[in-house]
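Peer 1: Here's the feature list from TrEMBL:
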- 29-49: transmembrane segment (TRANSMEM)
- 70-91: transmembrane segment (TRANSMEM)
- 117-139: transmembrane segment (TRANSMEM)
- 160-183: transmembrane segment (TRANSMEM)
- 195-215: transmembrane segment (TRANSMEM)
- 388-409: transmembrane segment (TRANSMEM)
- 444-465: transmembrane segment (TRANSMEM)
- 485-506: transmembrane segment (TRANSMEM)
- 526-549: transmembrane segment (TRANSMEM)
Amino acid sequence: MYILKEDEDVVVEVDPREQAFHNMIREHLIFFILLIILYSSSYAIIASYRRRREELFIDEEDGLVYRISLWMCTFSLAVSIGSALLLPFSIVTNEVIILYPDSYYIQWLNDSLIHSLWSYVFVFANISLFILLPFAYFFTESEGFSGSRKGIMARVYETFILLVLLSVLVLGMTYLVCALTGYEDMGISHMFTLWHYLPFLYSCVSFFGVVLLLVCTPLGIVNLFTVLGEVITKPHVLRNTQEEYEETKLEELCLRRKIDCHKSDTQSMAVSKSPSKSKSMPSLTAFLSSTVNSDYNHSSAAASSSTQYSPLVAANSVHTNHTSTTTGLTYRANGAYENMDRQRIVGRRDSGGAAASLNDMELSLTQLESFRKGLEKKLRVGWLRRNLGYPLAMLALMCLTAVSALNVVQNTLELLVGIKALPLSTTQHAFVLGIASLSKMGTIGAGVEIVLILYLWCASVVGLYRIPVIGRLRPKLKDTLFTQVIGNCAIVLVLSSALPLLARSVGITNFDLLGNFGRVEWLGNFYVVLFQNCAFAVTAALCLTTKIVTAVSRELFKRFREFSEWVR
């Protein structure tokens, strides 16, 4: 029974049922607010990648189908983000309760809220993965059965039938795997009991997600160094941005003049073919136009016979080369932009026609402008950020990778010795928030755990699209098909749902898995958990040593060669 003191002499008794009702309303209100935030963020992410021009060529029925499928994908992506943020949010809640145990303003953070949040995320993740995303895919591809009346209901019936057939196929295969592996007493009486072997189905999906994380995370760790090197401005010692900007600007000016001459040449040819009002001496404008065109023809002929794209190549020759991933072209520091099909981009008047050549030159000009704007942004970066940002970012990545590997090695040794138990949750004890910190370092250690979890998530997402098969689904800004959006949502959902399991298995955090997340069967298998720890530790150590040793050995070899040449 709860007792509230309004004054010193007045005591008000509160019915426990009323208090439980208020707690339930408060929890659901918090869940609804979190869902709105996650849904809005997911919709913004999908809207930035999906192809908008698909909506211009569909009728009202297709538009309704498209919107319903979009809502399902957005909800699934929101659940994915919620799954990835489960552990960080729970760790923050535990530390806040420890720091402020008697604060009135954080009473809404309690065990019931966190346990309910884990349960809701687990249920919504299964609904999204097994119902919503397959329904969204079949719904967009359906047209209705042959002979049936066209309409939205015909497509709903077809989608429902396909979804039922897929469910029967998946559940039948799950039953066979359960029977072969001896999962439980899978007799005939349990064959039609759906909830009996659904946990095993989720165990298989989660295990696949963990294996995918073990493959993607090392690839992502390696590629994060490259991605940061492209995003963050490097110091002048590693890259002369000012020189690149000046050469890019000259190239853009040269190409713009060539396009202007091409347009004036086309206009003069159109004027010469049209019937003139007077056939006397040509005007001064026509004379100047013909002079410019003749000069342009001589210059274009000289350029076509040359092997370099730009006339600035002879004047600007620098030894360093690097690739511009922003424009998709290979940029050389001497001012030349090369491509495998360079003749198609510029100067292809004789083979492709004037219109095609003009379009290609305008496309190349657009690419040059975007690359120049990127260089302008990097030039605006301050001196401190330019010279310290890149080294500090690389150092932070190395430290995060090293700390992750050390944590996993420590967890592996504790598992082998028997100090740490397996991550499988039992019903004998329930995790209670606010009793003790999850790390020996207190709040700082908990913060490090949160950073490591988010780092692993980012690395896994980056490395996911480095896999050859999945790399074909890599989304592009404003140019991603809706079927690719559905596929990406499904893959990200599998990864995000398996992230808490991997983080707990490899010892990144000691926070117990709550709800059905902690009842996954393979979490109680010692050899499976040990394999995950060993695989993660070895791959993380290899990535770190390869990245450091390769760069250091290359630099040492370069210095040794320079020294040997100096001695000679």
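Note: Cβ is positioned from N, Cα and C throughout, glycine not excepted.
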Peer 1: Which bits of the chain, at least 6 residues beyond where the transmembrane segment (70-91) starts or stops, bring a Cβ under 8 A of a Cβ in it?
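Peer 2: Non-local partners: 34-35, 38-39, 41-43, 45-46, 50, 114, 117-118, 121, 124-125, 128-129, 132-133, 135-136, 433, 438, 446, 449-450, 453-454, 457, 482, 485-486, 489-490, 492-493, 495-497, 499-500, 503-504, 509, 511, 514.
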Peer 1: With the transmembrane segment (388-409) as the reference, find which of 195-215, 444-465, 485-506, 526-549 contributes the most Cβ pairs under 8 Å.
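Peer 2: It is 526-549 that shares the most Cβ pairs under 8 Å with the transmembrane segment (388-409).
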Peer 1: Assess whether the transmembrane segment (526-549) lies in contact with the transmembrane segment (195-215), where contact requires at least three Cβ pairs under 8 Å among residues 6 or more apart in sequence.
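Peer 2: Per Cβ check, the transmembrane segment (526-549) touches the transmembrane segment (195-215).
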Peer 1: Same chain only, please: residues at least 6 beyond the ends of the transmembrane segment (485-506) with a C-beta under 8 Å from a C-beta of the stretch. Say none if there are none.
Peer 2: 46, 49-50, 69, 73, 76-77, 79-81, 83-84, 86-87, 125, 128-129, 133, 136-137, 140, 205-206, 208-210, 212-214, 216, 407-408, 411, 423, 452-453, 456-457, 460-461, 464, 470, 473, 475, 512-513, 517, 520, 523, 529, 532-533, 536-537
